[in-house]
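Novice: Pasting the feature list from TrEMBL:
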{"type": "COILED", "residues": "519-546", "note": "coiled coil"}
{"type": "DOMAIN", "residues": "476-693", "note": "domain 'STAS'"}
{"type": "REGION", "residues": "567-609", "note": "region 'Disordered'"}
{"type": "TRANSMEM", "residues": "132-156", "note": "transmembrane segment"}
{"type": "TRANSMEM", "residues": "209-229", "note": "transmembrane segment"}
{"type": "TRANSMEM", "residues": "241-259", "note": "transmembrane segment"}
{"type": "TRANSMEM", "residues": "294-314", "note": "transmembrane segment"}
{"type": "TRANSMEM", "residues": "326-345", "note": "transmembrane segment"}
{"type": "TRANSMEM", "residues": "357-377", "note": "transmembrane segment"}
{"type": "TRANSMEM", "residues": "389-414", "note": "transmembrane segment"}
{"type": "TRANSMEM", "residues": "420-452", "note": "transmembrane segment"}
């Protein structure tokens, strides 16, 4: 198909880097110090800092009461009722429980008389440990937020976040099975704990309570039906039907009226202690024992919070400030620890419930907190008969959105299999190693994969698209043609210590010649000629010392051109230029030795490939397209210098093109440019370099030619 031509005509001179800098009046940009910005004081900066750390002051005055208030109220009530019987996030609760059980085991509280456990003392010690742990976790999170540790979110790619949250949703799902089947399971933590829990559930299935299973099934069906109605009647309803809230209230009434606990053995929430515990300062002596676990819990809590935050931000089109999240989460744990709470993070199931029931802003969270406070102080007894199976059913139904992320496997298989590998490794590592070690393994694997992918980039020889200044891979573009006499080479990734050697090797391979072998053969031949020349000169010196030469030989003079590289100085020091007498046999051998140097009239130097009888490359210039370079290190600099040296040895001139300004600055800082490699070897574009190479083809080696007459 023939493209319609449009006028695109630019006339400019051919530009190398030096000319480009002169034309554009390039000057280095002086960087501004960040600390100067921090120390600036103004009304605008004070307001910006206030809104940064108290964002509620920015969005609350613009809150659309008529549109969002009712949804936030119903959503907050639904989440609050679900929050009553459990901790915020099951995995975090298990991690905290494992710490308290290991530092305050039952064996430390055995009574001497009957070897029974003093539960009152044990629970008091564990509460003290949990509250101290919460304070320490809060301090870590606030500190990390203030030093902007949130930058690590950069390394949490979308496939990693999806794989991680999917694995976390599977863990939450498995943790709710004991409430669905009415089973009593052992408390486990650490690697493979979720596998052991699932095996124990399967082992104890015959012990399931039928009443509990029926209760969970009915509640689940009701919730699914309500969600289907909400989806179908979405355009006709002012706000979604609060299925979770109605189900929880209805289940509580039915349980109280029918007596599900006593008649059918259905486990219920039970007694909810009333009143608030007065604030107590944590025991700082416990910090040394808790510091390692506190840091791990702080990182896991942040990872869960930011992962869910990024998922909801993508769904609803807003950004998450990772450092602000760290500070907010840390303050929650820090203040909560003073009131004898244990460390928490955001809840996956409650967040999904809040989203599905019409929650829009933090007002829903404030309503939840206020309602839970009222329940703790006064209304706790009203929900004592709420079946735990109903709560478990509500959590499982709302996990649908996260579990649907399994469909990412099919889409990533078609789109990007490297991202699919990250997703699968993250999921498997999190399932097997738990959330803390799984996250560390996932991040480490994704970073190693990035390094691996930069080690094996796509290398290509470029050709010119006809009638354009555009160069593309000749293997991909059938109409792209290599410019005769010029090779253009490009890498799709930056060149650094991990792939510099591969870059050089692939370049030599793509050029179609064995550069290293050709250089080796050239050096061997030159060395052989040098040794032969030395031997002949030594014989001549001995013959001269023996006596005057015959006149016949004196009349036969010889003038030859010999290149012996550095050893030519030894030849010149003998001052043989005035000698006219020589034996015929010695002169003939010298003529044979130098014959190859006289074959090429244009290059009377015997070190050329043609003079040495070696194959010559079918190109005279090499252009390196460095547009993909984002930085250079010392290994890259040495590799580029070696490329210049090696290709010049085989009579190919090397040029560079399309370097970004920061890379040029780094080349200068690394003393890359010198007398042999100047900025005139670096061009603004590949086309500039190709045109210059065609105008200036190489016709001999770079090293100076030494000529000596014998």
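Note: Cβ is positioned from N, Cα and C throughout, glycine not excepted.
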Novice: Among 209-229, 241-259, 294-314, 389-414, 420-452, which stretch has the most Cβ pairs under 8 Å to the transmembrane segment (357-377)?
Specialist: 241-259
Novice: Would you say the transmembrane segment (209-229) and the transmembrane segment (241-259) are in contact under the rule of three or more C-beta pairs closer than 8 Å, pairs 6 or more apart in sequence?
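Specialist: Taking Cβ pairs at least 6 residues apart, the transmembrane segment (209-229) and the transmembrane segment (241-259) are in contact, with 3 or more under 8 Å.
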Novice: Six or more residues out from either end of the transmembrane segment (209-229), which same-chain residues have a Cβ under 8 Å from its Cβ atoms?
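Specialist: Non-local partners: 179-182, 241, 243-244, 246-247, 251, 260, 263-267, 356, 387, 389-390, 392-394, 396-397.
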Novice: At an 8 Å Cβ cut-off, counting only pairs 6 or more apart in sequence, do the transmembrane segment (132-156) and the transmembrane segment (326-345) clear the bar of 3 or more pairs?
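Specialist: Counting Cβ pairs under 8 Å (6 or more apart in sequence), the transmembrane segment (132-156) reaches the transmembrane segment (326-345), since there are 3 or more.
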Novice: Give residue numbers and ranges for long-range contacts of the transmembrane segment (294-314): same chain, 6 or more residues beyond its ends, CB-CB under 8 A.
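Specialist: Tertiary neighbours of the transmembrane segment (294-314) are 89, 91-92, 95-96, 99, 133, 136-137, 140-141, 144, 150, 153, 156, 158, 161-162, 164-165, 168, 287, 320, 322, 325-326, 329-330, 333, 343-346, 348, 351, 355, 435-436, 439.
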Novice: Please compute the mean pLDDT of the model over the coiled coil (519-546).
Specialist: 87
